[in-house]
Amino acid sequence: MLTFMELAGPTEGDGGGSVDSQLWAACAGSMSSVPPVGAAVYYFPQGHAEQASAAVDLSSARVPPLVPCRVVAVRFMADAESDEVFAKIRLVPLRPGDAVVDVGEAAAAEARREEENSRPRPTSFAKTLTQSDANNGGGFSVPRFCAETIFPELDYSSEPPVQSVCAKDVHGVEWTFRHIYRGTPRRHLLTTGWSPFVNKKQLTAGDSIVFMRDEGGNIHVGLRRAKRGFCSIGGDDESLSSIPGWDQYRGLMRRNATATATGGRTPPKGKVPPENVLTAATRATTGQPFEVLYYPRASTPEFCVRAAAVRTAMAVQWCPGMRFKMAFETEDSSRISWFMGTVAGVQASDPVRWPQSPWRLLQVTWDEPELLQNVKRVCPWLVELVSSMPNLHLPSFSPPRKKPRNPPYAELPLEGQIFTGPVFPPNPMAHDHHHHHGFPFLPFPDSSAQPAGIQGARHAQFASPFPEFHIGNLQPNLMLYAGIRLPPADRAAPAPRPPRIIISTDLTIGSPGKPDDAACSPSSGGKKIDDTKPRGFLLFGQAILTEEQIKNGNSDGRPASPNWDAEKAPNTSEGSDSGVTQGSPTKNTTPSWSLPYFGGNNISRASEYELNPGQCKVFVESETVGRSLDLSALSSFEELYACLSDMFSIGSDELRSHLVYRSPAGEVKHAGDEPFCAFVKSARKLRILTDAGSDNLGD
């Protein structure tokens, strides 16, 4: 096992000796953490490159998205010129078969940390310098808390109360300040000795100064440099000065901000030489020990993350709509605030270079976007899940839906369930590097095993969160449950593998076979359909031509038309917001269908709905997904109103004036206009209107 002695000799960029760990932690901030020796971590080269001072080209090294490593040494240091603290971490990649878990040293470190947490922590205080504090020749206004808890106690009996305060910086240099209590109203000030300190450290307004008192009563002083030109978008922060609390939260975006102008890649803004990043990534790829420099005050999260935290975060099947909260600290680390957000997307931040990387996997939106306007992407292990259910935007009088029942077939979605994908199941990744482990938590399938021609079409991975949902793969009874009628297998002519059903509103897909009951068009005089003609696609009422159809154009220069006329095909009945789309065949047509519950030119007849007599669908006016209701089990309108009241939590009196249906003749009626027995026979689609004066059934 490597020890600190192997790192004793300072190397280029070290900036001198080690820094007291407590002072280092006070300067780094309460949210910064460094894994202890012996801890199992995942090293993210993508995150390491974000701390580089220039762009890093890692394409030649074939660097994986993450490398399992063990921490063998940690050294806390500070820059010789700026006093900015950083850590040098030595890592050893784990070999195949090694468990990615902490070893005894890390467990002992955790025990020591718990013991230290039980003891009183050293008192520290940070203040962001104002223009007056940073003025050359001026003084420093000491907050009362700092003066009374960190500085030695003043003798208030003297006039004025005054004393000398000695503090050591991160390099061990001692500074002496004159502490006086004066003014109207009276306040604590550092006068003599402050100006030389400002000049030596080159302090400016926006920088923060940290005072800490250790257990022995010694006072230490450290610095936090402001991140200039960072919080604003294409300008200064003056445009945001009117936002309440902006000065306090000016640094909230420091550790997690991303730029969108570079296609999701965070532009380099760190202090690590790019050659150091390339060397570390290359050695990690080849399984050799390597060192990294970590700046806790940089604009990016930690890139050496505890393995347990990554596994826990990636065990969640993230999808858009999930609610989460995330902790941020103010620039002076005076407090930590939690901000609520919503997952807007789940996609690799750099799908070309690292298509499988979970680094900054989540695209997010915030409830308070003014304060977090640059935080567009976050890592899953930095957020805390609040709700795994996406937000449902329902009418004001309509409550959330009741808990759905499990369908009889696992291959199909729940009735009324909306596909919010992409939802990524665990996918193991096999990598050719000898040290690379299988990562069951990686969010995307491994593209290295795909043919070269498929790798260029990775976007097809996101077409549907159910990749096995093929017409040809489902049994006829499963398709009947979905509302799609297929011909018997013994009557269907052999056909190539049908295209995948893409879940999209108003998307109609050509038939893969030739069912006898639809092989002859009514308007074509019984002529058989030409099998050789390519299938056509109808999207939002417009014909979508394939490349083959464009090449095989008509003699007059027009492309060959699809197998049906989109503009002339009428609906077979009055529309419905839920059901199977059965395009009316015209000349040279093939039967077509679309998935239920996703709109389209729908029909309301019981046979087309695949509903038994006495059954119907119930909709709320603003919804496109209906719920099944068995009217034959009811005996009166009162029971109907009571059932719907329990189903939607709407008062029975309100339902009497808001419930309408369409008769077989196409007439819109209110419930109660005809006897209940006649209503049961004719009603196939009920709709609860948000406006009692509306007769809109959504057709």
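Note that Cβ sites are derived from N, Cα and C of the backbone, with glycine treated the same way.
Listed features, source Swiss-Prot:
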{"type": "REGION", "residues": "108-136", "note": "region 'Disordered'"}
{"type": "COMPBIAS", "residues": "110-119", "note": "compositional bias 'Basic and acidic residues'"}
{"type": "COMPBIAS", "residues": "125-135", "note": "compositional bias 'Polar residues'"}
{"type": "DNA_BIND", "residues": "125-227", "note": "DNA-binding region"}
{"type": "REGION", "residues": "505-533", "note": "region 'Disordered'"}
{"type": "REGION", "residues": "551-595", "note": "region 'Disordered'"}
{"type": "COMPBIAS", "residues": "570-593", "note": "compositional bias 'Polar residues'"}
{"type": "DOMAIN", "residues": "613-693", "note": "domain 'PB1'"}
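Non-local neighbours of the compositional bias 'Polar residues' (125-135) in the same chain are 26, 141, 143, 145-146, 149-150, 198, 203-212, 224, 226, 331-334; each lies 6+ residues outside the stretch with a CB under 8 Å from one of its CB atoms. When pLDDT is averaged over the domain 'PB1' (613-693), the result is 81. Counting residue by residue with DSSP, the compositional bias 'Polar residues' (125-135) contains 0 helix, 4 strand, 7 coil.
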